[in-house]
Amino acid sequence: MDHLPIFCQLRDRDCLIVGGGDVAERKARLLLEAGARLTVNALTFIPQFTVWANEGMLTLVEGPFDETLLDSCWLAIAATDDDTVNQRVSDAAESRRIFCNVVDAPKAASFIMPSIIDRSPLMVAVSSGGTSPVLARLLREKLESLLPQHLGQVARYAGQLRARVKKQFATMGERRRFWEKFFVNDRLAQSLANADEKAVNATTERLFSEPLDHRGEVVLVGAGPGDAGLLTLKGLQQIQQADIVVYDRLVSDDIMNLVRRDADRVFVGKRAGYHCVPQEEINQILLREAQKGKRVVRLKGGDPFIFGRGGEELETLCHAGIPFSVVPGITAASGCSAYSGIPLTHRDYAQSVRLVTGHLKTGGELDWENLAAEKQTLVFYMGLNQAATIQEKLIAFGMQADMPVALVENGTSVKQRVVHGVLTQLGELAQQVESPALIIVGRVVGLRDKLNWFSNH
C-alpha cells in the first residue's frame, strides 16, 4: 500500500493554499466544505476568491509565497502554475512536518487528493496513487451512479436511530436484519429527500413494528431497449440491491452482468406466440418470493407499463398486500427510433405518435381508421408476425401506399439492424427481420438517411 487512506477533521483548523487560479479554487472549495479556516496566498486571484473573502469565508494574502503562513497550519496545498514555487511550498511544509499536496506532482507531495463521492456523512474516496487520475475519476463516476443522492440523509437519520435499535433488538443478527431493511427502503429514502416528516415517522414506525422476517417487496424495473447504457440510475441501484431477479429474454446480457453477483436469477423468457413461463406462473413466482421476505426485482425490457404486462403483475401483488414500486425504463419506441435516426415527431411530418401492439387478444381489433390518419407516426410492438395484415389494413383504410416504413431489429444493441422501404413492402420486409423487432410507419422514416448516426459509429 503506497498511501494510507485517512479522513481528516479540518473544521476550524488552519489550512493554506498557495495559488489563486482555477485549480486553487477547486481545492479551496473542498477545504471550505470541510470547515477549514483557510488562508490563500497568491500574486493574483480569480474573482471567486474575492467573493469568498468578502463573505468572510477565507483570508487572502496577496504577494509571493510567504512560508511563515505555514507556521500555524495543519495542512497545505501548492496549486500554482510554477513548479519552482510549488516545490518551495512542499519543502517548507516538509520542514515543519505539515502534510502538503502538490497539484499534478504526486512525487513532490506528502499526501494526494482522492476522487470523492460525497454523501455526507457517508464519504467514499477513490485514488490511483497519483498514477492515473483519469482512471480514478472514471471509477468515481461509476460509484456515483450506484449510490443514490439521498443516501447521506438516510445515513444521518440512521445515526439518530442507533440507540433505539440497540434497545429494541437484543442480538447483532436482529440488528443487522433491521438495518438491511432500513437501508433498502425506498419509501423512507424518498420521504427523507422530500423532507416529509409525517411519512418518515410512519415508515420508521412500520419498520420497527413489523417482524424481521416480514413479507418482502417487488420492484418492477424497466431495463430499457437493449443498450446497457440506457438503464436508468435508479434501475441500476435496484438490481444491485436485489435478492432475486426475475427477467425475460428482452433483457440484454450486458444488463444482467450488472445484477448483484449473489442475487438469484429466474429466467421467464417470453415472446409473442410462445410463453416459456405462463404469465400466471410469473405472477405466482413474484408473490411467492416476496412472501419469503425477499427483495424481488422484476426486470423487463423497455418500460414495464408499455406493453410489458406490468400492470397485470402488480394487480396480483396488490391483491395479496405485497408492497411494490415501479422504476420506469426507456421504451423500445423511443430507444429504437433514436438509434435509427428516426424522430417520432417532427413539425413538418408528425404531430403525434401512437404506440400500438401488434399482438392482440383473440378476437381483438385495432382502430384502423384512426391509425391510417395523416400527420402521425405509428410504432408497432410485437407486430412482426402481423406485418402483412398491418400493411393490408392501413392501405385499405386510406393510408398512402408509398408511406415510408422501417423495421428495427435488436434496437440500440451492437446487433441492431434496420430495413426500410414503403408500406406496400412491409409484409415482404418483415420476412428479412427476426424478433425482437419494432415496426415504424410514417413520413419521419424518410429522415433516416440524413439523421442516421448510430450505424456510422
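Even glycines carry a Cβ here, placed using N, Cα and C.
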Among Pro211, Pro225, Pro278, Pro436, find me the residue Swiss-Prot lists at the same S-adenosyl-L-methionine site as Gly301, Gly302, Asp303, Ile306, Thr331, Ala332, Met382, Gly411.
Pro225
In three-state terms from DSSP, label Asp22 (NAD(+) binding site) for me.
helix
Ser128 (phosphoserine): which of the recorded positions Asp22, Thr44, Asp248, Ile306, Ala332 is the nearest Cα neighbour?
Asp22
What is the pLDDT of the region 'Uroporphyrinogen-III C-methyltransferase' (216-457) when averaged and given as a whole number?
92
Under 8 Å by Cβ from Gly411 (S-adenosyl-L-methionine binding site), same chain, sequence gap 6 or more:
Pro225, Gly226, Ala332, Gly335, Cys336, Tyr339, Ser340, Pro436, Ala437, Leu438
Can you name every residue in this chain, apart from Asp22, Val23, Leu43, Thr44, with its Cβ inside 8 Å of the center of the Cβ atoms of the recorded NAD(+) site?
Gly19, Gly20, Gly21, Ala24, Glu25, Ala42, Phe45, Ile46, Ala79, Thr80, Asp81
Within a 10 Å radius around the Cβ, which one of these binding-site residues has the most neighbouring Cβ atoms: Val23, Leu43, Ile306, Ala332?
Ala332
Express in Å, rounded to the nearest integer, the largest CA to CA distance found among the NAD(+)-binding residues Asp22, Val23, Leu43, Thr44 named in the record.
15
Other than Pro225, Gly301, Gly302, Asp303, Ile306, Thr331, Ala332, Met382, Gly411, which residues of the chain come within 8 Å of the S-adenosyl-L-methionine site, judged by Cβ distance to the Cβ centroid of those residues?
Gly224, Leu250, Phe307, Gly308, Gly329, Ile330, Ala333, Gly335, Cys336, Tyr381, Leu438
